[in-house]
Structure formats: structure tokens, C-alpha cells
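Enquirer: Not my notes, these are from Swiss-Prot:
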type	residues	note
ACT_SITE	40	active site, nucleophile
ACT_SITE	326	active site, charge relay system
ACT_SITE	329	active site, charge relay system
DISULFID	44-65	disulfide bond
DISULFID	113-162	disulfide bond
DISULFID	197-276	disulfide bond
DISULFID	205-249	disulfide bond
DISULFID	307-312	disulfide bond
DISULFID	347-371	disulfide bond
CARBOHYD	54	N-linked glycosylation site
CARBOHYD	89	N-linked glycosylation site
CARBOHYD	153	N-linked glycosylation site
CARBOHYD	236	N-linked glycosylation site
CARBOHYD	301	N-linked glycosylation site
CARBOHYD	316	N-linked glycosylation site
CARBOHYD	358	N-linked glycosylation site
REGION	7-127	region 'Esterase domain 1'
REGION	267-379	region 'Esterase domain 2'
TRANSMEM	393-413	transmembrane segment
């Protein structure tokens, strides 16, 4: 208890001199082992190809363009490349992973498989997809997209009926009905294989509703069977609705192996692309920056829904996106968020990134890294610091020893002085 006045005095001195070390609203990294996935707002190659060269197009600081730590493509996103013919092979590796993409598949694009479809289902798909990606990249270093080879023994070819605007679905592939089959009540199969990666994220999708064709209604049914382990993954249509439904996707995490895609009704689907996950690492939360349009266009919050603690930290600006190149490119708030990539930081938390690991006036929530020893402020002037008890105990012991030494020395000199006076 005798340490408490000194303890509070130290905290008061820190507060007096203004060393508050607050969390900052940025994405950053502990060291040089990081990687960013993005779109045009961090696509240095897109900027280089514009004439004249204009870095105001980006939210990323141009000093990072030659870092080799960025995989970005103007007009694209990982979700868009995963499902559609508009493809870019996002590839990167790092201990600390940052995502700043997703805006290129939003309600603004209004995608739905058919004219009677539902874009809300695709927003749900987007959220489920990024949930798996963020969770897995907290424990894997490497992400890339790979093709999935498959063998279908029939003569029918994949159909491109699931399309809207410039977007054409090609993952999963939708195998058309064989010419000699009269309706959609038939069983169809295709072999596919996964090899070369530690794990894969693959789509398993169905039309969850009554699909009408030639006055008959069909219930979709799709399965993937692992021929090596005997495990089966499946979805069956459960809804009775006949309009307003669309392609519901689940995103399975599968091991390498030989698989059989099976359809018992409607059309056969088989994955053609997968997220390839490699090199397991010590759990390190990913960081996600909100990816949205200027308010003149409709955006969604699916990356925020997917980014949940403890595997993900979400960063956002409090204001509308207003770019300086155009309204959708070069926003000051998001440029500020990405500026944290210019330097190392020791601690990530729910509130933000801490620049220093000694003390702070804010207690880090869901901290990760070497975080400051601090707690909340109970008054505007006096932070109450909570330290590791070991240094406090050692300090107490040292102070106690110092007091004993001082007392002994005082007694010694008092006795010695008395003896001298006696002999004098």
C-alpha cells in the first residue's frame, strides 16, 4: 500500500507531460512481414498505366508501390474473381494480412442470376465468403486462387445462364442438361480433385426455392463426396417460394483429395476455382478496411459483418467517402487509415493501433501484440495505470532494502558520533 502515492504520482507525471499514446484509426503491422489485398484504391499498376500518371487515384501512399507487398486490381475483388469470369489472380503471403477490397461487388452492381432473382442473396453470399477468408487468413500465411480440374463424362457443357450485366458466373460451373433427358429429375455426377494446398475454400451452391421449367417445379440438390475419407457435404432446397430466390452458396473448407460432385435434381454444379490456403502460422488477426462507395452509390456492410473479433479488426472512416481524383477515389479519411502501413506498430486492438508499447491512457480491448500497460481514465487529469505486478514487487523490495540501508547507516553514524563525543 505504501507504493500507491508514488504509483499515482508516476501516472500523474505522464498525464501532465501529455504522453497519452492513444489508439489510432489505422491499419499497420508489427514488422516487415505483412501483405495487402486491394482494388483500384491500392492498384499501383493501374495508376502507372494512366496518362498522365496520377497517384491521387489511390488511397495508398505511393511510397509503398515498390514494396512487393500488395496484390490489387482496379475494378475487381477477391469475391468477384472467385465466382465470375472477370478474374484476377489475387496472390500474397504474410504474417499480418490486410484487406481493402470488396466494393466492386455491391448492391450498386445489382447482380442476380436471373431476372427473377434476388441480389440480397448475393450480398449474403458475399458475407459468408469473406467470413471464411478472414478466419482462415488469421491462421494461414498464403492466399491465392487456383483452378479446380474436373471430369464430367457426359456431352453437355457448362451453361452461362447465371449472369447479369458484365458479370457471368463460372464458379461453380453449371452443367447443362443432357439432350436425351426429358426433364430435370435425373442424377448427374462429375469428379474433381484438390491438390497442392493445405486447405481450400470452395463453393457449394443451390437454388433455394421451387425452380420452374416447362410447368414443373424442381428442388435443387447438390453434394460433394470425398472419395478418400467418405465424408459427404450437401445442400437441399428447403424453401417453397417460386419467385425472388437465387443462388445460395455455402463456402466449404476442404482438405486435398478426390471428390465427386453429385446432383439428384435440377442441374449439376461443380467447383472450378478455389481459394488456396498454405503455410499455417501462429494466430494473427487480419485487418479489414471498410470498402464502400461515395454515398451517391449504394454500398453494403458485408465485410464488416464478416470481420469479427477475435480473428479480425475492422477499420472505417466516420464520414462519407469523397475522393479528390473523383468522388470514389482518393478519400482523405481512408488515406489516413492506410497511412499506418508506412510504419511498424507494436499493438493492435479493437479501438485501433497503439504506436508505443509502454503506457497509455486507454485500456486496449481485444489486444494483440506487445500492448501498453494501461487502463481507463476515471478523471480528465489522472489516469490510473495498471502495470505488470512483478516490476512493482521488485521496486518495493528495492525500496525496502534502500530504507533498511539508510536506517542502518544513520544508526551507525549516530553511534559512531556518540563514541567520539565520549572519548573527547
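Positions of Cβ are set from backbone N, Cα and C atoms, glycine also.
Owing to the predicted nature of the structure, the values given are computational and were not obtained by experimental measurement.
Burial and contacts for the listed features, if you can.
Expert: With a 10 A radius on its CB, residue 40 (active site, nucleophile) counts 21 other CB atoms from all the protein chains.
The number of other Cβ atoms within 10 Å of the Cβ belonging to residue 326 (active site, charge relay system), over all protein chains shown, comes to 11.
Its Cβ taken as reference, residue 329 (active site, charge relay system) is surrounded by 20 other Cβ atoms within 10 Å in the chains shown.
The Cβ of residue 65 (disulfide bond) lies under 8 Å from the Cβ of 44, 47, each on the same chain and at least six residues away in sequence.
Under 8 Å, Cβ to Cβ, and six or more positions away along its own chain, residue 113 (disulfide bond) finds 161, 162, 163, 164, 169, 207, 246, 247.
Non-local neighbourhood of residue 197 (disulfide bond): 146, 256, 274, 276, 277, 278, each in the same chain, at least six residues away, with C-beta under 8 Å from its C-beta.
For residue 205 (disulfide bond), applying a Cβ distance below 8 Å and a minimum sequence separation of six or more within one chain yields 172, 222, 235, 247, 248, 249, 250, 269.
Sequence-distant contacts of residue 312 (disulfide bond), defined as residues of its own chain at least six apart whose C-beta falls under 8 angstroms from its C-beta, comprise 134, 135, 138, 285, 286, 287, 288, 306.
Neighbours of residue 371 (disulfide bond), defined as other CB atoms within 10 A of its CB across all chains, total 18.
In the three-state DSSP assignment, the secondary structure recorded for residue 54 (N-linked glycosylation site) is coil.
Secondary structure at residue 89 (N-linked glycosylation site), as computed by DSSP, is coil.
In the three-state DSSP assignment, the secondary structure recorded for residue 153 (N-linked glycosylation site) is coil.
The secondary structure of residue 236 (N-linked glycosylation site), as reduced to three states from DSSP, is extended strand.
For the recorded site, residue 301 (N-linked glycosylation site), the DSSP three-state label reads coil.
Sequence-distant contacts of residue 316 (N-linked glycosylation site), defined as residues of its own chain at least six apart whose C-beta falls under 8 angstroms from its C-beta, comprise 289, 290, 304, 337.
Secondary structure from DSSP puts residue 358 (N-linked glycosylation site) in coil. Cβ neighbours within 10 Å of residue 358 (N-linked glycosylation site), excluding its own Cβ and spanning all shown chains: 13.
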Enquirer: Per DSSP, residue 44 (disulfide bond) is which: helix, strand or coil?
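Expert: For residue 44 (disulfide bond) - judged by DSSP and reduced to three states - the answer is helix.
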Enquirer: If you measure from the Cα of residue 236 (N-linked glycosylation site), which of the recorded positions 329, 347, 358 is the nearest?
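Expert: Result for residue 236 (N-linked glycosylation site): the nearest of the recorded positions is 329.
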Enquirer: Just counting, how many other CB atoms are there within 10 A of the CB of residue 44 (disulfide bond)?
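Expert: So the Cβ neighbour count for residue 44 (disulfide bond) comes to 19.
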Enquirer: How many Å lie between the Cα of residue 153 (N-linked glycosylation site) and the Cα of residue 326 (active site, charge relay system)?
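Expert: A Cα-Cα distance of 51 Å.
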Enquirer: Taking only the Cα atoms, work out how far residue 329 (active site, charge relay system) lies from residue 40 (active site, nucleophile), in Å, as a whole number.
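Expert: Residue 329 (active site, charge relay system) to residue 40 (active site, nucleophile), Cα-Cα distance: 8 Å.
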Enquirer: Between residue 301 (N-linked glycosylation site) and residue 307 (disulfide bond), find the distance joining the two CA atoms and give it rounded to the nearest Å.
Expert: 10
Enquirer: Which of these recorded positions is closest to residue 326 (active site, charge relay system) if you go by CA atoms: 307, 347, 358?
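Expert: Given the candidates 307, 347, 358, the nearest one is 307.
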